[in-house]
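Visitor: Handing you this structure, nothing more for now.
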Amino acid sequence: MEIKTDQEAKLGYWLILPTVLAIGGLILYPVIYNLWLSLHKVNMNPTQPNTFIGIKHFIEILTDVDFWTAFRTSILFTSTTVVGTTLLGLGVAILLNRKFPGRSLIRGIILLPYVTPVISAAFGWKYLFNPVFGMFNYIMVDVLSLMPQHINWIESPRYAIFAVIIFNIWRNFPFAFLMILAELQSISGTLYEAAEVDGATGWQKFKHITLPELKFVIGALVILRTIWNFYKFSEIYLLSSSVEVLPVYIYEKAFATYSFGEAAAISAILFVFVFGFILFYVRKVLEW
Amino acid sequence: MVGKDSLRSKIIFVVLLMLVLAFVLIPFVTMISSSFKPNQEQTQLPPKIIPDNPTLEHYQGVLNPDIFPFLNYFKNSLIVAFFSAGIGVVISIFGSYSFARLEYTGRSVIQRGVLMVYMFGGVLLVIPLFQMISKLGLFDTRTSLVITYVVQTLPVSLYMLGNYFRTVPESIEEAAIIDGCSRLEVIFRIVLPLSAPAIVSVFIYAFMIAWNEYLFASVFINSSSLRTLPLGLNQLFYTQHYVWGRMMAASVLTAIPVIILFLSVERFITGGLTFGGVKE
């Protein structure tokens, strides 16, 4: 029997080896290599050697106004989209948590924004946000008169952030919806029946039964969405390249001005910030 | 929550449902409708959903290689997505069987290490990976994209397959081993055939991720002949020759394969999503 366990373990190592090599070589090594790059003046040609300059990049970045502007834009984008996707997902999940004809079809339709390729969805929204003939301006200005005039949502640096936030909420609320709906469906109906016998109102039932049951899934959604949206690049850049969140700032530093070392240092700062947030959130908010 | 089914609450429900559906569907409706509108109708106000004179000219334009290299981009996306998904599935079949059924020291450390990947977004990896890819001489090759995409999809694929493998009754596997099968034979003859739906779903999940990816493609690919769909379409948008109807037709044709694939395995993938969350 002893030999067999040894063999099993050996096979286990062999089977997991490709995964370990792939993740080690293409995730863990690059993360460490990124730190190394951030301490160097990186040659524009990747085959040429780099010069060590210590923490010079970090000092430059932390005293650079543009960095802090991008940082604030990232915070604004992430906080509004995390709240927006979670609340809309929660609302729609509660709405659909009942039996009605065509429910599974509608659930499938609601998932479409999440599975459509970003490039297609971004083009659709660009058209909607068009300053001259876009539906969005038409409805807001000509139909509802909520705004005085048509706005160039995509290209104006001032308004593009709102377009990007709306697009992100549209695209990602279905994920929150799906997770919350699954959790709602697992809450036992007897809890509500007992509450009704005790004369609880709809709001009381929601506050004392539904919300506590959803605490874990909403906590998980908030942390995942925060991490993902802090790193979000394509959904922002493909809709409007004038919204300079940190990932877009890093991308342009690296691949438009070829300041690889500086860009590597900014990504290191971004990672430390996200990691710090995770630690804080897990300890203080989730109390794990 | 089963409320009292009064007429008023029914009406509120239907109105809210319509609002949600309108919000979800408006971009799709716009896209499809504009792809059939002739150019002079594109700028009409108020925007019409059904075109007055529907036309197929934009689809013909998109599919004509002399006007628009759409088919070439489509082919590149297909090759990259197919190979990333295929290689990813093979690696995760072995890896998740190892996690699900075999015992060895360090297993839980490795499992947690795989989950760590969640903490590193693509934007943190793109600079070091670009340097590595260039040093390895893989810059401007499809291979650079395939190896990157395989790793990006591994955590979720391992998770989804591992969960499925654990539902295969261990007694069947033990009986086969007593009958003289080796572990590898058990994997190929028993576990894989029983897990076919899960394997197809994981393949489709990885395919969709690769089909969708823009960041790495924009950095690793230089030649226009190697561009994938997201890259090619986005670059065309910034040339002065773009035509709205044609861009919308291209968007529709880019989305259709993915939506069909997703709908074919919707139940399985959404099950996997709700249990594990999914890496974006």
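Easy rule for this one: first residue shown is 1, then count along the chain.
Every residue gets a Cβ built from N, Cα and C, even glycine.
Bear in mind that TrEMBL entries carry predicted annotations, made automatically and left uncurated.
So TrEMBL lists the following for this protein:
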type	residues	note
DOMAIN	B:74-265	domain 'ABC transmembrane type-1'
TRANSMEM	B:12-32	transmembrane segment
TRANSMEM	B:78-100	transmembrane segment
TRANSMEM	B:112-133	transmembrane segment
TRANSMEM	B:145-165	transmembrane segment
TRANSMEM	B:186-211	transmembrane segment
TRANSMEM	B:243-265	transmembrane segment
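Neighbours and distances for these, please.
Guide: Beyond the transmembrane segment (B:145-165), the same-chain residues lying 6 or more positions past its ends with a Cβ under 8 Å from any Cβ of the stretch are 80-81, 83-85, 87-89, 91-93, 95-97, 99-101, 114-115, 117-118, 122, 129, 138, 191, 195, 198-199, 201-202, 205-206, 209-210, 213, 216-217, 220-221, 228, 272, 275-276, 278-279.
Sequence-distant neighbours of the transmembrane segment (B:243-265) (same chain, 6+ residues past either end, Cβ-Cβ under 8 Å): 30-32, 34-39, 42, 57-59, 61-62, 68, 70, 74, 197, 200-201, 204, 207-208, 211-212, 229-230, 233, 236-237.
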Visitor: Could you check whether the transmembrane segment (B:186-211) and the transmembrane segment (B:78-100) come into contact, where contact means at least 3 Cβ pairs under 8 Å with the two residues of each pair 6 or more apart in sequence?
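Guide: Result for the transmembrane segment (B:186-211) with the transmembrane segment (B:78-100) is yes.
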